[in-house]
Amino acid sequence: MAIVLQSSPLLWTRLAALAFSCVAFSVAVHGGRVDHGTGDWCIFCWAFSFAGTLLVLLVELFGLQTRAPVSWKNFPITFACYAALLCLSASIIFPLYYLKDSYGPSDIRDFRIVSTVFSCLATIAYMTEVSISKARPGEVAGYMATAPGLLKVCQTFVASIIFVFVTDPVLYDRHDSLKYCMSVYCICFILSTAIILLCVGELTGYLPFPFARFLSAYALLAVVLYLSATIIWPIFNFDPKHGGQKQRPSSCNSSFGLCVWDKTVAVAVLTTVNFILYLADLVYSTRLVFVSA
């Protein structure tokens, strides 16, 4: 089996991402003393990114792209985008929980600082990989290398964070309108995830309808749904007329992490973010000429 190793900016960027993510989780495990679910999540982000990048490098090193059960025009950039978002979330969450107001031994704090720094470097490396791999105007590429494809990744990631906030504790069972918002999050997440899987698995040709038209129609539907959720969620959570609470409770000042009110605000902000992402998706989808491999 021939080994193919061609020096390129993309290769060096992947190697940098591999090294940075490896250092981030190795140092945290070795001396960071992360001992609850938040720390486990950060370590998962770094370890998952490291393992996926290593897999991509090995496949390309041994020239196995044609034997891979996925579209190699779509898989590497899809994974790099998810890895960038995962490392970005870890770069924000880890220092908030383990460096802010930390009064432990100085050596443990130093380990945590190192993990944070290398997590930020890994985020930059993965963002650079996405930028290098992204399709240029007029270039024939897989759907996931285009702006709408990358937006789908961001949409599913933001929706996943929303699910974390609304389910612990449950924030949507107080009113039917909030249940409607939850259904919007679920429907759009499922459809966006299905689109990503169809593209990565090269299954779009088996659909009984034109894929490009479906993308435009879905983008329009998602914009309408998220616009309604962007309006309804704050009304039924912060308007006293509908049983909401406008002011932040004083009990939130003494709680560890985010209290219920904080999570409700976070969901409102993330709903707006996803609405903007779907709106941008709609704009790009109407202009995109999709060329299937």
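Each Cβ is built from the backbone N, Cα and C atoms, and glycine gets one as well.
TrEMBL: automatically predicted annotations, no manual curation.
Under the heading domain 'MARVEL', TrEMBL lists 5-138, 143-290. The feature transmembrane segment is assigned by TrEMBL to 12-29, 41-63, 75-99, 111-129, 149-172, 184-209, 215-236, 256-280.
Here the transmembrane segment (12-29) does not touch the transmembrane segment (184-209). Their Cβ atoms form fewer than 3 pairs under 8 Å, with each pair 6 or more residues apart. Sequence-remote contacts of a segment are chain residues at least 6 beyond its ends whose Cβ falls under 8 Å from one of its Cβ atoms, and for the transmembrane segment (75-99) they are 17, 21, 24, 28, 32, 34, 38-39, 41-42, 45-46, 48-49, 52-53, 56, 68, 109, 112-113, 115-116, 119-120, 122-123, 126-127, 129-130, 133-134, 142, 144-145, 149-150, 153-154, 157, 161, 196, 199-200, 257.
Of the ranges 41-63, 111-129, 184-209, 256-280, the one with the most Cβ pairs under 8 Å to the transmembrane segment (149-172) is 256-280. Within the model, the domain 'MARVEL' (5-138) carries an average pLDDT of 89.
Mapped onto DSSP helix, strand and coil, the domain 'MARVEL' (5-138) counts 104 helix, 0 strand, 30 coil.
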